[in-house]
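What Swiss-Prot says about this one:
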DISULFID  C26-C37  disulfide bond
DISULFID  C38-C51  disulfide bond
DISULFID  C41-C59  disulfide bond
DISULFID  C62-C77  disulfide bond
DISULFID  C83-C103  disulfide bond
DISULFID  C105-C119  disulfide bond
DISULFID  C111-C116  disulfide bond
DISULFID  C125-C143  disulfide bond
REGION    228-251  region 'Disordered'
REPEAT    25-60  repeat 'TNFR-Cys 1'
REPEAT    104-144  repeat 'TNFR-Cys 3'
Amino acid sequence: MVSLPRLCALWGCLLTAVHLGQCVTCSDKQYLHDGQCCDLCQPGSRLTSHCTALEKTQCHPCDSGEFSAQWNREIRCHQHRHCEPNQGLRVKKEGTAESDTVCTCKEGQHCTSKDCEACAQHTPCIPGFGVMEMATETTDTVCHPCPVGFFSNQSSLFEKCYPWTSCEDKNLEVLQKGTSQTNVICGLKSRMRALLVIPVVMGILITIFGVFLYIKKVVKKPKDNEILPPAARRQDPQEMEDYPGHNTAAPVQETLHGCQPVTQEDGKESRISVQERQVTDSIALRPLV
């Protein structure tokens with residue numbers, strides 16, 4: 001009769017032999033099928049039939065619009081990804097038989113996940129905050145509050161905090177202190193303001209006084225083109241005495257016409273023709289016999 005320890009050892013050897021017979025090791029690019037190691041299909045292809053004792057694994061290339069990125073034994077390839085424009089996506093890299101389509105976001109947006117399934121608008125840094133890191137295709141803008149001595153007065157996707165203006169460097173004084181959103185306001189010192197204001201005021205007063213004198217002079221100056229009345233134009237410097245029998249008629253001009261004196265009435269012009277004047281001149285120059 002077999003003892004119990006021997007029986008246990010016998011069953012252990014039997015189970016070990018059975019287990020070793022079924023434990024077949026395949027390589028990284030193989031898979032176990034019906035006790036045999038079959039080759040996996042390479043990237044860009046799919047499985048059509050498993051291997052047998054007489055034939056190797058049968059694979060077929062992926063169709064257009066499909067891909068397989070790894071060594072596989074799948075009977076179907078994967079569809080290329082579609083970049084949906086309504087979600088703000090665009091194609092960054094076209095897909096191939098071995099790789100999927102790569103999508104990214106449009107300008108001004110970034111992916112909300114690692115797979116870039118959706119997009120979101122870049123977040124601008126509000127006034128009082130500056131840009132620490134600008135947004136990218138996969139990350140949003142990183143903002144930080146402006147420290148003391150710096151400011152940001154606008155919402156921006158790229159502006160950093162700017163330092164306050166140094167009034168001392170410009171020989172000015174601080175009129176208003178700066179904040180995280182506003183710059184320092186500089187101005188002239190009190191003494192300098194007085195030195196500048198006094199000459200300006202004096203210049204304005206002198207200009208006004210000069211204009212006043214000029215207007216006054218122009219108003220008092222008589223007009224050159226003023227027309228005197230007829231009585232003033234005809235008045236002689238000295239009054240003429242009236243004598244009895246004084247003839248005030250204008251002098252009468254006499255001319256010769258055909259060796260006879262001709263009296264020309266006042267206010268009338270001489271009407272002697274050129275031919276008559278030549279005859280008169282020839283008679284006057286003829287010597288007497």
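Here, residue 1 is simply the first one shown, and the rest follow in order.
Each residue, glycine too, has its Cβ placed from N, Cα and C.
Projection of Swiss-Prot feature records onto the structure.
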residue	record	contacts (Cβ under 8 Å, 6+ apart)
C38	disulfide bond	Q30, Y31, L32, H50, C51, K56, T57, R73
C41	disulfide bond	L47, T57, C59, S68, W71, N72, R73, E74
C62	disulfide bond	G44, S45, R46, S68, C77, A97
C105	disulfide bond	G88, L89, R90, C111, C116, C119, E137
C125	disulfide bond	V131, T141, C143, S152, S155, S156, L157, E159
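A straight line from the CA of C103 (disulfide bond) to the CA of C26 (disulfide bond) spans 37 Å. Residues 87-92, 150-161, 179-181 of the same chain, all 6+ positions outside the repeat 'TNFR-Cys 3' (104-144), place their C-beta atoms under 8 angstroms from a C-beta of that stretch. Same-chain residues lying 6 or more positions outside the repeat 'TNFR-Cys 1' (25-60) and placing a CB less than 8 Å from one of its CB atoms are 67-77, 96-98. Under DSSP, C116 (disulfide bond) is assigned to coil, being neither helix nor strand in the three-state scheme. The Cβ of C26 (disulfide bond) lies under 8 Å from the Cβ of L32, C37, each of which sits 6+ residues away along the same chain. DSSP classifies C62 (disulfide bond) as coil under the three-state reduction. Under the DSSP three-state reduction, C77 (disulfide bond) is assigned to coil, being neither helix nor strand. Using a 10 Å radius centred on the Cβ of C59 (disulfide bond) and all shown protein chains, the other Cβ atoms total 19. The Cβ of C83 (disulfide bond) lies under 8 Å from the Cβ of L89, R90, V91, T101, C103, each on the same chain and at least six residues away in sequence.
In this structure, the disulfide-bonded residues under consideration are C51, C77, C103, C116, and the one with the smallest number of other Cβ atoms within 10 Å of its Cβ is C51.
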